[in-house]
Amino acid sequence: MWKRVALSCVLTLILLAIVVPTTVHFTHHPDVPPAPPGPAPTISVPSENPDSSTEDDNGTEFCIVERDKWGAQPPSKPLRKMKLPVPHVIICHTATAFCTTQSKCANKLRIIQNYQMKNDYADIAYNFMVGGDGLAYVGRNWNYVGGHSGEYNGKSIGIAFIGDFTSVVPPKTQLNAAQKLIELGRGAGKIAPDYKLLGHRQAVKTKSPGDALYNEIKKWPHWSSQPRP
C-alpha cells in the first residue's frame, strides 16, 4: 500500500513540475492590454529614424522609441504622404496624466491611440510624442501627414507632450527631448531650416498645449507669433 502512495506522490510532483512553468509562461501581463479581436490590418508605417540616437548637451543619450516598441496598432487605412521639408512644427499636449517611465508612457499612448482610432482617426494623431521619461515616441513619423491641426496637418510636424501642462511646465528631460527631436528632423531635411514653431492653439481652436507649456515654448528659437499663411 505504501508503495502505491509513494508512487502517487511522485507522479503528482512530476505533473506539477510540468504544469506550473507552463501556467506562468502563458499568464497575461496586467500592464499590457489584450490585442484587439480579429486580424490586424497589414498597413504599417516603416521606420524612418536610422540616426535617431544622439546625445544632449549633458552627454545623455536621446532615443526615439519606434512604434512596435510601444505597442502601436497599425493604421486603419493608408496615410497621406507628407511633402518635406515642412515649414512648421506644432507643439501639443495630450491633456492626460503624466508618465515618467517607458512602460507607463507606452501604456498611455496605447490608450490614446485606441481612443482616437475609435473616433474615426486612421492612427494616433501626432507625428511624435515625448514623455516625462525623456524619450520620444514615433506616431505617424516624419513622412506621413498627421491629424492634429486641421489645415496645418499637411505642412507641419506635430509633437505632443504626454501630460496636461495647463498650470505646470514639463520637466527639463521632456523639454530637451522635444528640442532634440526638432533638431534631428531639421538636420535630416524633414523640417525646413527656417521653420516656424507654433503652439497648437495658434493653428486650431484649442487650449493645447496648455498655458504653462505655451509660455515655455514662446522662449524657444523659431517660435512665431504670426504663423505663415
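The backbone N, Cα and C atoms fix where each Cβ goes, and this holds for glycine too.
Remember, predicted model here, so these are calculated numbers, not experimental data.
The signal peptide annotation in TrEMBL covers 1-21.
Annotated region 'Disordered' per TrEMBL: 30-59, in sequence order.
The domain 'Peptidoglycan recognition protein family' annotation in TrEMBL covers 62-204.
According to TrEMBL, the domain 'N-acetylmuramoyl-L-alanine amidase' annotation covers 74-210.
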Residues of the domain 'Peptidoglycan recognition protein family' (62-204) by DSSP state, where helix covers H, G and I: 47 helix, 34 strand, 62 coil
Reported mean pLDDT - the domain 'Peptidoglycan recognition protein family' (62-204): 98
